Amino acid sequence: MEPRPTAPSSGAPGLAGVGETPSAAALAAARVELPGTAVPSVPEDAAPASRDGGGVRDEGPAAAGDGLGRPLGPTPSQSRFQVDLVSENAGRAAAAAAAAAAAAAAAGAGAGAKQTPADGEASGESEPAKGSEEAKGRFRVNFVDPAASSSAEDSLSDAAGVGVDGPNVSFQNGGDTVLSEGSSLHSGGGGGSGHHQHYYYDTHTNTYYLRTFGHNTMDAVPRIDHYRHTAAQLGEKLLRPSLAELHDELEKEPFEDGFANGEESTPTRDAVVTYTAESKGVVKFGWIKGVLVRCMLNIWGVMLFIRLSWIVGQAGIGLSVLVIMMATVVTTITGLSTSAIATNGFVRGGGAYYLISRSLGPEFGGAIGLIFAFANAVAVAMYVVGFAETVVELLKEHSILMIDEINDIRIIGAITVVILLGISVAGMEWEAKAQIVLLVILLLAIGDFVIGTFIPLESKKPKGFFGYKSEIFNENFGPDFREEETFFSVFAIFFPAATGILAGANISGDLADPQSAIPKGTLLAILITTLVYVGIAVSVGSCVVRDATGNVNDTIVTELTNCTSAACKLNFDFSSCESSPCSYGLMNNFQVMSMVSGFTPLISAGIFSATLSSALASLVSAPKIFQALCKDNIYPAFQMFAKGYGKNNEPLRGYILTFLIALGFILIAELNVIAPIISNFFLASYALINFSVFHASLAKSPGWRPAFKYYNMWISLLGAILCCIVMFVINWWAALLTYVIVLGLYIYVTYKKPDVNWGSSTQALTYLNALQHSIRLSGVEDHVKNFRPQCLVMTGAPNSRPALLHLVHDFTKNVGLMICGHVHMGPRRQAMKEMSIDQAKYQRWLIKNKMKAFYAPVHADDLREGAQYLMQAAGLGRMKPNTLVLGFKKDWLQADMRDVDMYINLFHDAFDIQYGVVVIRLKEGLDISHLQGQEELLSSQEKSPGTKDVVVSVEYSKKSDLDTSKPLSEKPITHKVEEEDGKTATQPLLKKESKGPIVPLNVADQKLLEASTQFQKKQGKNTIDVWWLFDDGGLTLLIPYLLTTKKKWKDCKIRVFIGGKINRIDHDRRAMATLLSKFRIDFSDIMVLGDINTKPKKENIIAFEEIIEPYRLHEDDKEQDIADKMKEDEPWRITDNELELYKTKTYRQIRLNELLKEHSSTANIIVMSLPVARKGAVSSALYMAWLEALSKDLPPILLVRGNHQSVLTFYS
């Protein structure tokens, strides 16, 4: 049966389209192995598998597929997996197969056509291309049907037929062949046994033939592409099926996106990986050319040729070797740490900056990255000036100076740095070739010196060179410090010669395999250069004496009896050097290596090579590091330098900047001051690399798993300490300056808070500390002195009730816990998706607005159930809420009384589990969620720039201040506008943007917006009135005290109001003053209210009765059965008996409101004891009416009731 025709695919070259159906000739002509998934061809009468691969749906003709057994309308999640990775070889093989198929079809070849010559090329039997994923060990799976081994004719005829167990087809996925029982892995060289048909396989729509683990399901097998970053260098990230795709219920109708019908492809299909390199021709270096050569050239600097002999003269052979080994210890430890970080995941460009920033975070990385890039830029000038000085010395010897010494250094240095810039800009390949040439010259110079030590000439003996002599070795083994030099000063001079170990790591982005190259190249370079330094130190110390005159007449003719020096024993008298300075010898001549060498010009070439190679390495490193720093946008002002050019993404702008910096310091030509600072910059980088390894190991993050195992966290810490010590040894003031610069940059980056998340060890250690302290805290018993208000605040979306949020934050900030509870109601599936999104969104909103709080969403059928979940489960260990904070239900008179009953039951639930309760009421209300979408309304009002301001009448159904389930806009409302003089003023306006029309709000919403921000500003000199009527353990008093400790509230005075009797007012005042003094709480006044129990005014009683009238049961006016039925159905109703029983308490609430208006109407805020209603005795309507009567028409009021356990104590 012929498959149905389908629309051609627009896939990438070399990748067969999803909708294409290969012909029989094409299938017979080639065995194309693609390292990805394949879709088997399915006859049209075979039913397609269900989306989850768990069965087969019989959908009849309507479910006919595209000829490949797939439904015509794949869902976006299906199309995501329809194309897999294709190597470059496979692409060429597919093209060859297609050409062969076309030729066979033109010749009239049938299904049994023989293999074409292209078959071998397309079979994938040739060796994979170097660097391809297949060559790197990418897994490949062949699915072979047993029938395929019989003959080509059987194979091809069965491909179109249906057997008992499905079509007998051969299909493959490359590489590891999966065989059915009785099949053979190896096919014969001829006939049909060598033919394997290639098909495309979609795990989402056809899993009938894939009876092997990992392929008979939508689940994806583990593969490297699922773990790539979206900006991966080797290919794009391939998405695995989401948990929702595997777990959610199937849709009744598949989503039709038109892709299978030849329409525009879906975005998910466009994002499928093509797994090619970034672009053709990208230059990548191995460990020798990329790391070893660079590190050796950078470590072997001018110091090797012109200072090492002087160091041996000063410190002697023994201490010189010790100096070298001390420097090697520091660099080796740093090399081990670098290797550990470099093998803990894929390393990109950026060198030391990348390693430190991804380990310690952007703060340290940003600081080090900037100074390290600058240090490399200035190092270019240092090395070029060293080269120029050597050239000027040669010119001076031959008396051919151009102007004078200083200007000649500038001219030669400028010309040199221009040439080096040209080599660098030409590309990394040219730069690498130049480094190889310079390394060869350097090695020849070292060899020239070694050969020269074995062929001493008579003419060189007066200059102190006698060849290898035990007398010279013994004399030079000990130190002879002169001119106030010490061991540490000599060490400070030598140590810069040991730096340069990061030369390879600095171009990590240009390495083929940084994880392997950096450890091998860096550590081997340290070993080789150390051996060379030690060898040359011992050689020169064994061949050359410390002092020599250079005078051939200083030979000794007769043997002296008092001869002690090595020169004297070798028949030379250089004793005159003790009284007058000499020009030769280790102590006096910096050109000892040139003198000793067999061919002096080669040493000069070695000096040129050492300086130019180091300059070239630094000229390449600085822009690469700076580009990586700019790409991360740590310093937004430098963003322009992130741009790369060409196939290698070369930082041309960075090259120009580095060139200008280097040229500036070359023209100064005085680097004696800046040199120690640069050395300290390098050492600071080394110290932080070592500290990064220690810190990452200390944090015990599961993500810290370096492939390089030869490191130790304590040795890394020792290395960091040694680096800091060496910084002070080299130059103490430069070390201090380095610390100041690093600290300043660290503070800047910390303040700016760059929007990056690299999973640093700082984050890991933060978690570990929090975990350890939480566990430790769980073993601490509660004590009254350590009580802290830990509030569960039913905010809903945090930005919907800013006044509630800020007020609670004012007394919990840096003192107690604050959790913003949000109850999601509605269909569970939708609510779960919203919660997943809201969790991250609102936590970010809290952090952005500097709210020290946690966001806790929960799904429930209703508000009460959600609050119960939160009260029982929110928090961790001892960090659990102990106080429930609610907004007052302002709309209770218009709301469904079942919602009111649910609201009141939150109080009872909180008291049941020993929570305190705080109710916050603002007369304007708390909920501004209905205003947060108003910006969208403005777009419809904008007609032209000349449109007049439009008054918006905001119509909405008033929602409860407690409704915690409404979806909200993330953007907060702003009503600040700029006046003509540029000052910012608060206006009752809502703006969309600066250029749009200004839309006034109505009066009610204007007041609501003003009230919502009242706790965000300084409260001024006013009072906090505390009505501590009932002893709840002290929470009613503790909250206002905590408010006064905050900056915004510090000018407010606490006034305390208590109930009492008229004949005991003075006594009660003194008793309360004594108690407050013992609690050490400052207060401005204490007022004793002796008339609390006075009957309230009649009009207020009438107003209260009008409020409760709709909610009364009036059982005396109804038959008993009807009344009982109503009470059962509507338990919130107020009975006559209940109203009479609690008349006194009702009057008290009304009376207290009158007293509050009398005494506290001007207070900033009122904190008052919350009346408690006995559960089962007081109806919800009556209790709600009490709260309404008590708190209406007042300044902001907090109704507080602790759990009646002491939270204050006067004991020490």
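For all residues, glycine too, the Cβ spot is worked out from N, Cα and C.
Fair warning: this is a prediction, and the values are worked out from it, not measured in the lab.
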Review point. Given the ranges 329-346, 563-580, 761-778, 1157-1174, which one is assigned the annotation region 'Scissor helix' in Swiss-Prot?
Key: 761-778
Check your understanding: Is it true that Swiss-Prot lists Asp513 and Leu926 on the same side of the membrane?
Key -> yes
Practice item. Write down the residue from Ser9, Ser77, Ser184 that Swiss-Prot flags as phosphoserine. Key: Ser77
Exercise for review: Write down the single range among 85-105, 652-672 that appears in Swiss-Prot as transmembrane segment.
Suggested key: 652-672
Exercise for review: Among Tyr353, Tyr354, Tyr383, Tyr584, indicate the single residue that Swiss-Prot lists for the K(+) site containing Asn298, Ile299, Pro496, Ala497, Thr499.
Suggested key: Tyr383
Review point. For the chloride 2 site that Swiss-Prot gives with Gly500, Ile501, Phe682, Tyr686, which of Phe372, Phe374, Phe387, Phe811 also belongs there?
Key: Phe372
Review point. Relative to the mean position of the Cβ atoms of Asn298, Ile299, Tyr383, Pro496, Ala497, Thr499, the recorded K(+) site, which additional same-chain residues have Cβ within 8 Å?
Key: Trp300, Gly301, Met303, Ala498, Gly500, Ser614
Study note, to complete from the structure: Same-chain residues at least 6 apart in sequence with Cβ under 8 Å of the Cβ of Thr499 (K(+) binding site), in sequence order, are Asn298, Ile299, Thr331, Ser679, Phe682, Leu683
**Study point:** CB contact flag for the transmembrane segment (487-504) and the transmembrane segment (599-623), at least three pairs under 8 A
**Key:** yes
Check your understanding: With DSSP, how much of the topological domain 'Extracellular' (455-486) is helix, how much strand and how much coil, in residues?
Key -> 14 helix, 1 strand, 17 coil
**Study point:** Result, the transmembrane segment (287-316) in contact with the transmembrane segment (433-454) (3+ CB pairs under 8 Å)
**Key:** yes
Check your understanding: By DSSP, how many residues in the topological domain 'Cytoplasmic' (692-714) are helix, how many strand, and how many coil?
Key -> 10 helix, 0 strand, 13 coil
Practice item. Could you work out which of the recorded positions (Ser242, Asn298) has its C-beta surrounded by the smallest number of other C-beta atoms within 10 A? Key: Ser242
Check your understanding: Does the transmembrane segment (368-395) come near the transmembrane segment (406-429), with 3+ Cβ pairs under 8 Å (pairs 6 or more apart)?
Key -> yes
Check your understanding: Taking residues 6+ outside the topological domain 'Cytoplasmic' (692-714), which of them lie with a CB under 8 Å of any CB in it?
Key -> 336-337, 339-344, 355-356, 359-360, 515, 519, 720, 759, 761-762, 764-765, 767-768
**Study point:** Residue pair Tyr383 (K(+) binding site), Ser242 (phosphoserine) - Cα distance, angstrom, rounded
**Key:** 55
Check your understanding: How many whole Å apart are the CA atoms of Ala497 (K(+) binding site) and Ser242 (phosphoserine)?
Key -> 54
